[in-house]
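One structure is given below, encoded as structure tokens.
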Amino acid sequence: MLNFLPEGQRSFWEMIMIPALRSTMQILIIATILATILGFLIAVILIVTCKDGIRPNKVIYGSVDFVVNVIRSFPFIILMVFLLPFTKSIVGTSFGVKAALVPITVSATAFIAKLIEGAMKEVDPQLVEAMRSFGISDFHLIFGVMLSEALPAIISGVIIATIAILGSTAMAGTMGAGGIGSVAVTYGYQSFNKKVMLTTTIILIFMVQSIQLIGNYVYKKMKKDV
């Protein structure tokens, strides 16, 4: 596939860049899916139990909101170190792709939870009250009305979070997870190789632009359907 490249460059791509791309995509996809699911569930708890929610509960809302805000306040590299014992107990190791997934998912979950909470709070309160006056169940109110109305904003938020997760993969290289960011630091910056730095930068820019373009397309489609 890379026969058009000189032998040295071909070996570098086959042995370093392609595995790094694979690691980056693996972390990005898995972490985004897990964080979106967990973040949505936490957001639902926050929406339901908040002051103006369907079932207000100060204790539950305050506790969950506090934990989410604490996680969000941690710089990622510190959170990664702080979660090392938890990471090892979950995946059995503190190095590699699996180990990197834990802190990235935890960090992204808190971020996405707040984004989704904010999106669902923007749903017209009069619409919610109207649906409740018809005797609609809490489940259908949340998943049938509020989720449907907030979906475009949620999609936009998840795209922002996905790009943030891509940035976190660079720091995940310190856990032996590899990835494009790790290649940029190890084979680019530390080796004073400007070509590697430039190549990895272009790849990351391309990935961010691709994610954003896909997100914009999905957002517009959702916006038309709502």
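Just so it is clear, glycine is given a Cβ too, placed from its N, Cα and C backbone atoms.
For 21-215, the entry in TrEMBL reads domain 'ABC transmembrane type-1'.
As annotated by TrEMBL, transmembrane segment applies to 27-48 (among others).
Sequence-distant contacts of the transmembrane segment (60-84), counting only residues of its own chain at least 6 positions beyond either end whose CB sits under 8 Å from a CB of the stretch, comprise 42, 45-46, 49-51, 53, 94, 100, 102-104, 106-107, 109-111, 113-114, 168, 171-172, 174-175. The transmembrane segment annotation in TrEMBL covers 60-84 (among others).
Per TrEMBL, transmembrane segment is recorded for 90-113 (among others). Below 8 angstroms of C-beta separation, residues 23, 26-27, 30-32, 34-36, 38-40, 42-43, 46, 68-69, 71-72, 74, 76, 79-80, 83-84, 157-158, 161, 164-165, 168-169, 172, 175-178 of the same chain, each at least six residues beyond the ends of the transmembrane segment (90-113), sit close to that stretch.
Residues or ranges marked as transmembrane segment by TrEMBL: 141-165 (among others). Using a Cβ-Cβ cut-off under 8 Å and counting only residues 6 or more beyond its ends in the same chain, the transmembrane segment (141-165) has close neighbours at 27-28, 31-32, 35-36, 39-40, 44, 47-48, 54, 104, 108, 111-112, 115-116, 118-120, 122-124, 127-128, 131-132, 208, 211-212, 214-216, 218-219, 222-223, 226.
Residues or ranges marked as transmembrane segment by TrEMBL: 171-189 (among others).
Sequence-distant contacts of the transmembrane segment (196-219) (same chain, six or more residues past either end, CB-CB distance under 8 Å): 17, 21, 24, 152, 155-156, 158-159, 162-163, 166, 180-181, 183-184, 187-189. What TrEMBL lists as transmembrane segment is 196-219 (among others).
Long-range contacts of the transmembrane segment (171-189) within the same chain, counting only residues at least 6 positions beyond its ends with a Cβ under 8 Å from a Cβ of the stretch, are 16-17, 19-21, 23-24, 27, 76-77, 80, 94-97, 99-100, 103-104, 196-197, 200-201, 203-204.
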